[in-house]
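Note sheet for the following structure.
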Amino acid sequence: MQVSSLNEVKIYSLSAGRSLPEWLSDRKKRALQKKDVDIRRRIELIQDFEMPTVSTKIKVSRDGQYIMAVGTYKPRIRCFDTYQLSQKFERCLDSEVVTFEILSDDYSKIVFLQCGRFVEFHSQHGHYYRTRIPKFGRDFSYHYPSCDLYFVGASSEVYRLNLEQGRFLNSLQTEAAESNVCDINPVHFLFALGTAEGKVECWDPRTRTRVGLLDCALSSVTADTEIEGLPSISALKFHGALNVAVGTSTGQVLLYDLRSSNPLIVKDHRYGLPIKSIQFQPELDLILSADSRIIKMWNKDTGKIFTSMEPEHDINDVCLYPNSGMLMTANEAPKMNIYYIPVLGPAPKWCSFLDNLTEELEENPESTVYDDYKFVTRKDLENLGLAHLIGSSLLRAYMHGFFMDIRLYHKARMMANPFAYEEYRREKIRQKIEETRAQRVQLKKLPKVNKELALKLIEEESEEQQATRKRKQKNLPSLLKDDRFKVMFENPDFQVDEQSEEFRLLNPLVSKISEKRKRKLKVLEELEAQEQEEEEEAEGKASDAESSESSDDEKGWVEEVRKQRKLLRQEEKLKRKERSKEDQQTVLEPQFFEIKEGEEFRSFKDSAKKQKLMKKTLGDRLKLEEKLGTLNVSDTTVGSKQATFKLKKSEQQRKQQEAEKRHRQERKSLRRSANHLKSKPGRGRLFR
């Protein structure tokens, strides 16, 4: 039995584990159970609860005794008796089943809608009757008061088959081109169908008229959703007299109140897959919506996720066992899954032992496989001196490291670091001392960096607190406690330089104002030193260093600014003198410049000419280019300007072109001399 937990909701998978083949004898099964631990620990709640290949639909009878499932291949139905925990019967069919409905309280009356437009009726003994509908059907619902079956499918009509009279009645004409799903309200028997255009039409079976229309495609598109194409209705389920849940083909679930055209809540599965099934759990006000990948349980009032399940195989249908916490799924696999969620409700009476079993598991949680192993990286192995074990059976490679036995790890760690226990003991003692210190009267501990700034902030904070108490306002958060400014009081790179020119000009009175803070800092440092030496609580009165000083007037502020400027000028003069001395001592050395190959050195005046040329306007430069002959501007017949120009060539390119020119002339002269010799008789042999 596999246990998973999400949002502190435990989910027990009762069908996890391997299943034994039917053709094995009892003796071989017992032998396998002795050898294999997984087979011995598995729980087979219902014997052979599976299909040959795929299961498509699963339902529970109203009395809760029978579970019926359809699947392939070959197309068949299997009925399981919960009282006997085994299969009741199996019937093969001619074509695959689209959906089916149990009309009676037990398995005695069943209706199947099949792929080939067939509607097949089964009684307790087996096949009873078979008929066809005009178009391919996709879903149907049974109206109990009138004994009518309503079929929807690849048509705009809703076909009605009366089981009491045994004939088809006049069909309902809808505005939709096709319909996918339908459902009938169990309270007031309102008939609703979901169309391929993303609308839900509601009909009154008594008057056979449409009484309402919901445009779900428009309501399902919100600011957060990303859809491709028009959403169609893929699932529909009534709850009570007023609520209806609608699932779309793009993965949204909409909860409506029939009195309003706007949805109460829109829940997106975020997978873009069609919603296959919707179930209601009234005890906890939950909605269970499932697509082919995931089953989500969420609160119908808030939309908050309660828990979710992702089976190994794709989901085709979901069935919630009534008045219990059991959940069954039909999958794209032979085995049909059974889940038990104790939070949703108790176990059914035919498997009440599950409650005791899950309680024992919660009291005695089993250790996982990885509890006996330690994950180590290659660096950890090198530190422990076990790098030579890589590739051996003692290490199992996993991701970016290895799994090793926890006992081997502890032994190697003790050998590599024999004083690890002493370090651990010291750390524990230090933690205990810090805990006892926290209970004492705490002094104001200032940070190591920017102590004066921290003291200033503390004083301002105390003043603000007194002011806010009088005004009855909320206190603002302190910068010392804010994580965004934590580095300013920890990293020395953020230390305020009070001797810098900018700081002294911006804060001219900092020398006088900071005297009081410096005295306080000295007192606090002395108290901290005493606490560290004695490790006892510092007792005594507050220091008398706080002396009330009157605030400076404007004249004092101006004088202080002048003093600071004079000091700055004097410092600048001293720096200039030092620089001049350094310049006199330094000896200038000649600088050498390297010229590229193929270039000739003319003078430094060329760069000056280029700079002057770049400073001129575009018009002046064009005029200069026209004078030199490198640019020619002319008017065209259309009225526009045409400019032709020649690229300036470097000295190397010019030399290369001259060499090519000479080479061409030499080749021409050789050809002429050869032709001249050919024309004279007797001398042409040399060139044959």
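Our numbering is plain: 1 for the first residue shown, then up by one each step along the chain.
Glycine residues also receive a Cβ, built from the backbone N, Cα and C atoms like all the rest.
The following features are taken from TrEMBL:
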type	residues	note
COILED	426-475	coiled coil
COMPBIAS	528-538	compositional bias 'Acidic residues'
COMPBIAS	553-584	compositional bias 'Basic and acidic residues'
COMPBIAS	648-663	compositional bias 'Basic and acidic residues'
COMPBIAS	664-688	compositional bias 'Basic residues'
DOMAIN	1-364	domain 'Nucleolar protein 10-like N-terminal'
DOMAIN	369-417	domain 'Nucleolar protein 10-like second'
DOMAIN	482-508	domain 'NUC153'
REGION	528-589	region 'Disordered'
REGION	637-688	region 'Disordered'
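Across all of the domain 'Nucleolar protein 10-like N-terminal' (1-364), the predicted model scores a mean pLDDT of 90. Helix, strand and coil residue tallies for the domain 'NUC153' (482-508), in that order: 15 helix, 0 strand, 12 coil [DSSP]. Long-range contacts of the domain 'NUC153' (482-508) within the same chain, counting only residues at least 6 positions beyond its ends with a Cβ under 8 Å from a Cβ of the stretch, are 447-450, 452-454, 557, 560-561, 564-565, 567-568. Note: the domain 'Nucleolar protein 10-like second' (369-417) comprises 25 helix, 13 strand, 11 coil (DSSP; helix = H, G, I, strand = E, B).
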